[in-house]
Amino acid sequence: MSTATASVPRPGYAPVPPLPTPPPTPPVGIGATFLAAAAVLTGSSALSAPIIGHSWVLPLIEVVAVIWLVGVGGRLIRLPTVATAGLQLAGFVIALTSLFTSSGIGGVLPNSAAVGEAGTLLSGAWKQIVETSPPAQSTPELSFLISLSIGLAAFLADFLVAEAKAPALVALPLLCLYSVPASIASTMLPWYSFAGPAVLYAALLAVTGHKDRRSGVRAGVGLAINGGAITILSAAVALVVAGSVTGIGTTGRLPHTSGSNNGTVGLSPFASLLGSLKKSDPVNVLTVTGLKHPDYFRTVSLTTWTPNKGWSLGTLSADVNQVDGELPGATALPTNATVTVTPTGYQDRFLPILTGTAAVSGLSDGWDFDSALTTIFRTDKIKPTPYRLSVDQTQPSAESLEQDAVVSGGNLTETGSLPAMVRDEAAQVTADAPTAYDKALALQQWFTDPANGFVYSLDVLPGNSGDALVDFLTNKQGYCEQYASAMAIMLRSLNIPSRVVVGFTQGVKQSNGSWLVTSHDAHAWVEVDFENHGWVRFDPTPPVAGQGGLQGFTQPTANPTTATSAATATNTKAAPTTNNHLDTTTKATKSSAVATQVSVVGGAGHSSTGWIRTALVVLAGLAVLIGLLFLPTVFRLRRRSARIRLARSGGPAGAVAAWNEIEDTAIDHGILPHSSESARITANRLARRAHLDDVGRHRLRTVVIAAESAWYGAPAGPVSSVSTASATANGRTEGPDGQTLVLDRAEPEINGRELVAGVNSIVDGLKEHATVPLTERLIPRSLRRLR
């Protein structure tokens, strides 16, 4: 056969076009990666809420700029992906070394000493995170941590846009930048920390459309609208997740039903009759030295009663601004005890002090004193610096209180619409008590005497009376909050001025003589206002698990019940609590008010359980990130499996599924289909790229014929087999540089096994002869292309 004869096209055979030389892939636009870097920087503005000062901003801008510029340069000179990424990381490390260390080679290149400095900076940043609460001061240590973490986020965003060709995934680091500050800030984040990244992310999606998509103004506007919608949805998810996991905006809030991680705690200025208390792991709150006798630490007094709800804080009045020294109406006597309080995990706007505090020193600015409420407060929630109290711990005797009187009437005896059952119960319990002190003591002992049926429990049983106070007095089960709330309002029904106080019990005495107060020592009790002795504590909570039992007066030795209660409380505090009753009553139910319990809002505790929990959270986060990283690959494999199952069943649907899988496999390997090509011409290209042998070509031909049959209908007649020799004579050129596939009319029957074999031949051939980079395997191209 002559060359001229061989080159004549034969009927039924597709001519073989010459393989076009693919144009070089243009580098990703500078504008796209710039938008990604700008979005990261704008998202970092959310840190302005939990951080005071802006010294961290300029170093962060420099670090992100280095990462972006090195990436642009590497792609302009067409370096491989690995080389560009390596240069970016090297520039990142050099920037951190020059900005934050002084011992690098030439002040720029890192060495072992610079690595040691970096470790010291990270340790300092971690210590600041643990020991302070938002807002934190901007320090070099914290600036280093911010530049390191957000620099990595900028590197990831640049990689996703330029190398992975997946700009939509930039939403992941942006979400982290937003959700972390939102979870720890005690104030609302600035509006621009969300609006800025949203606009830049939408612009990023608009400018990174694939070349085979629609172009023009309308397409760009559509992409921008869709990108903005995706950004808004991502931010909403960040808020929901952060709110459910970390409790956004709950600094100092005390939820009844949410568990907490170790961190800082504060007490709520509320005392409710409803809900159940669920305790988390204890958090160290205060370390106290110089305390002569165990006593309670008060934080705030509650004077406003709301029927069927509970007690809340009245109006605060700053009788003394900038507390530093003696308090009004008190004298710091030489005989007073000097008590030093070191907050460890306490964060609130109310300062823990002792009854009888005459002077306070060592506080930072911003603390004021309300003499009517005996409360030291400020406008924002912070972790107090260590401070000293001058305390007169002498207590009035029971005999002197019996001789004292109270002033009835006024706001401190206001009860509102109190149920008659409550008034009757209070009157019956105190019927034989002649004085105000006797009545208060009778009510206190009525609650604490086991013979009366009251039980300490973290669960408050629901009732059906329609009034929470009546339900508690009927069911006789609750914790300190319910006991204090009930006794205080019953005292008011007897015209005895009273209020509820929130604070901590004395904690556990340590071997060195100090006292350790934890979050499990949060407590509430009652105070009665006497004319001569002022406010005196009455604690009606049954002394279980270290809560309750200490009264604010010396009790007569002839009263065994009260004395035994006090002794029981003191003995209970001699060692850590291991009460089994509490372990079995931590089931939480819904609450309509806030409890006197702990609210963990950030930082870290000091227990081993907290570190284990933190480690588990970190591991879970890494597992989620790894899962997200491989999610596109898993989705692609599932799509392939579904198509293979359909192809194995045969028939027209199986043929189309087989061809679709062949097309997507080619796209995954960078072989894009041409809109002007027929399936036969595409199959010829794939056969050459995959270096298929005769068997593989026959299998691929079977798939193409079957797909054409499904698309265009069954042919008029059968197809005669074509031998290798005749195929060569009819236009197929042997050899890797010009071989074509001989295709003819479709066969009437479609065999599923042959379809699967055709798909596998292309998959195996391209895997060997058209390798795919790691980034392309993680995010397959077929998932990023609109079909």
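Even glycines carry a Cβ here, placed using N, Cα and C.
Summarising the annotation, TrEMBL assigns region 'Disordered' to 1-20 (among others).
Taken from TrEMBL, the feature transmembrane segment covers 56-77 (among others).
Listed by sequence, the residues of this chain that lie at least six past the ends of the transmembrane segment (89-109) yet keep a Cβ under 8 A from its Cβ atoms are 59, 62-63, 66-67, 69-70, 116-118, 121, 140, 143-144, 147-148, 151, 155. According to TrEMBL, the transmembrane segment annotation covers 89-109 (among others).
Sequence annotations record features per position, and here TrEMBL assigns transmembrane segment to 142-161 (among others).
What TrEMBL lists as transmembrane segment is 191-209 (among others).
According to TrEMBL, the feature transmembrane segment maps to 221-245 (among others).
With helix defined as DSSP H, G or I and strand as E or B, the domain 'Transglutaminase-like' (472-542) counts 21 helix, 29 strand, 21 coil. Residues or ranges marked as domain 'Transglutaminase-like' in TrEMBL: 472-542.
The region 'Disordered' annotation in TrEMBL covers 560-588 (among others).
Sequence annotations record features per position, and here TrEMBL assigns transmembrane segment to 615-635 (among others).
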Inset, instruction - Please give the sequence-distant neighbours of the transmembrane segment (142-161): residues at least 6 beyond its ends with Cβ less than 8 Å from one of its Cβ atoms. - result: 28, 32-33, 36-37, 39-41, 44, 47, 51, 55-56, 59-60, 63-64, 67-68, 71, 85, 88-89, 92, 95-96, 99-100, 118, 121-122, 125, 128, 136, 167, 169-170, 172-174, 176-177, 204, 208, 775
Inset, instruction - Please give the sequence-distant neighbours of the transmembrane segment (56-77): residues at least 6 beyond its ends with Cβ less than 8 Å from one of its Cβ atoms. - result: 27-28, 30, 33-34, 37, 40-41, 44, 47, 83-84, 87-88, 90-92, 94-96, 99-100, 138, 142-143, 146-147, 150-151, 154-155, 158, 162
Legend entry - Averaged pLDDT score, the domain 'Transglutaminase-like' (472-542): 90
